[in-house]
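Report on the following structure.
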Amino acid sequence: MFCYQCEETAKGEACTKGGVCGKSNEVADLQDQLIYILKGLAAVNQKARDTVPENPGLKTRLINALKRNQQAKEGEPEDYIDSGFMEEALFSTVTNVNFSATDFKNWIQDAYDKREQLKSELQAHGVGLNDLPQAASVKPAELGDIDSVSILATENEDIRSLRELLVYGLKGMAAYAYHARVLGHKDKDIAAFVDRALVATLDDSLSVDDLTGLVLECGSFGVKTMAMLDEANTATYGHPEPTEINIGTGNNPGILISGHDLKDMDQLLKQTEGTGVDVYTHGEMLPANAYPEFKKYEHLVGNYGGSWWQQKTEFEKFNGPVLMTTNCLVPPGDSYSNRVFTTAMVGFKGLKHIEEKEDGTKDFSEIIEMAKQSRPPEQLENGAIPAGFAHNAALSVADKIVDAVKAGQISRFIVMAGCDGRQHDREYYTEFAKQLPQDAVILTAGCAKYRYNKLDLGDIGGIPRILDAGQCNDSYSLVVIAQKLAEAFELDDINDLPVSYNIAWYEQKAVLVLLALLSLGVKNIVLGPRLPAFVSPNVLNVLVENFNISKNTTVENDLERLL
Ligand code: FSO
Ligand code: SF4
């Protein structure tokens, strides 16, 4: 096992004997094998893409093959590559999504089956496959013996660093693309980029410069993917509205829903209506409370608890069942594991998994029945927290914001987006928020917000000092807001705005968000609480020289340099 893809990696270097996250050696190795075989599948996908334009008959043949195998769940006739599978498989390897060896063995087998089937369709059409990489011919049983499956097989540490940075960005991209896809939004260019970039990580002829270019391109596609997800979410559930979200509890039994999948949220709310069971959000599902389509349900009571890493104590106290729609799942304690349900890519041995039915719906009746037998949640706190300041809401008060800046009432915006984590030193973010001057406004998205979203920081002329745009993918909203502010102030360069970036990262979606910001030319980002272990000193130098990125230091020092 060698894994260093997240911020909590052991000793800030790598997990080599079981993951800090709870991932086993076996699962870590299976994830590496899955990524390797996906690279081979990507090479075959690319081959099909290169060949189809000269071979219209092949396109029809591939579409029919996909339809026959029902591989393209929401397939439109022009789809001839199963990009949905690629996204799901990449997403499954994101930190804290899936801990089940059985699930990874199944994904590996599926990747192999899909790859072989696509190859035989291409061959039947006379397409030569001799130039494909080894990853496109390996069998699942051989994966354990192939050196190049291991991250460490790439000896040059800068090339290794850039390859992994790219793969982690792609994992984040796949997760967001998956959420958009389940709502019927997809983009062939994004899918083609994922394949192209995966194949590039197998290409020994690519230089540090080539790979750096691809990493930045990954950021550009990240912006595109987050925009697509924003469109999918808002077109389906409306634009988030400024909302005071209740953090107390009611007297009914409840279901707690966590993760990022709004479609699961939608189905759960519909199925629980009129049952006497309330619904509460946890972690990254908090922003769902601000969507008009969800706000209309009275039994959506509010948010329970804090960010992902607090789930061990909070799930225990919730008393009712919990539905994990995505990461971050923490290996559950015995006292409540019988109440935790997983769905989609989330998996953990022994936890009940809710599968999607053929018509794309999910049946949550077992969870609802369990809730009916449960005690109401134990109250953790009371009051309300403001949320729902995604781009539509924020821009509806843009004039007010611009006036406040011009009048000197707002001196600076601090983007504090990203993730939370369990380590003690993340209290830095609470302290930083507390010590900001009264005329500074925090723009946030992602679970990083839990380090300060319950502080009473007040408002500036009616504008809350914490503007919460939503989930980590809603960092896109922060980009839109910054771009509109630049227009309002007639600035050509986004870096001339009174906006500073103090970003907390944890897993690979945050890697994509970071690359997205870099691709837009955002400079002077402060990143913490640790720099990624997978960024080599030379790659870090490139990031410093081009973007002046730096690690956070002390609250006092960072306040001084960011204000
Ligand atoms: Fe957090 Fe976990 Fe949203 Fe991540 S709950 S850490 S970046 O999965 O995805 O912000
Ligand atoms: Fe370690 Fe993070 Fe990898 Fe888990 S995901 S094994 S904590 S580096």
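Note: Cβ is positioned from N, Cα and C throughout, glycine not excepted.
In TrEMBL this protein carries:
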type	residues	note
BINDING	C3, C6, C15, C21	[4Fe-4S] cluster binding site
BINDING	H260, E284, C328, C419, C447, C472, E507, K509	hybrid [4Fe-2O-2S] cluster binding site
MOD_RES	C419	cysteine persulfide
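For ligand 1, the neighbouring binding-site residues among C3, C15, C21, E284, C328, C472 are E284, C328, C472, by Cβ distance under 6 Å. In this structure, C6, C21 are the binding-site residues from C6, C21, C419, E507 whose C-beta falls under 6 Å of some atom of ligand 2. Mapped onto three states, the DSSP output places C472 (hybrid [4Fe-2O-2S] cluster binding site) in helix.
Taking Cβ-Cβ distances under 8 Å and a sequence gap of 6 or more within the same chain, the neighbours of E507 (hybrid [4Fe-2O-2S] cluster binding site) are Q5, C6, E7, V94, T95, N96, G172, N327, C328, C419. Mapped onto three states, the DSSP output places C419 (hybrid [4Fe-2O-2S] cluster binding site) in coil.
Same-chain residues with CB within 8 A of the center of the C3, C6, C15, C21 CB atoms, the [4Fe-4S] cluster site residues themselves not counted, are Y4, Q5, E8, T9, A10, G19, V20, K23, A28, T95. Each residue contributes its Cα atom, and for E284 (hybrid [4Fe-2O-2S] cluster binding site) and C3 ([4Fe-4S] cluster binding site) these two points are 24 Å apart. The binding-site residues examined here are H260, K509; by Cβ neighbour count within 10 Å, the least packed of them is H260. Excluding the listed site residues H260, E284, C328, C419, C447, C472, E507, K509, the same chain places G283, W308, T326, N327, G446, Q471, Y506, A510 with Cβ atoms within 8 Å of the centre of the hybrid [4Fe-2O-2S] cluster site Cβ atoms. Other Cβ atoms within 10 Å of the Cβ of E284 (hybrid [4Fe-2O-2S] cluster binding site) number 29 in total over all chains. Note on C21 ([4Fe-4S] cluster binding site): other Cβ atoms within 10 Å of its Cβ, all shown chains, come to 23. Nearest neighbour of C472 (hybrid [4Fe-2O-2S] cluster binding site) by Cα distance, taken over the binding-site residues C3, C15, C21: C21. Among the binding-site residues listed (C3, C15, C21), C21 has its Cα nearest to the Cα of C447 (hybrid [4Fe-2O-2S] cluster binding site).
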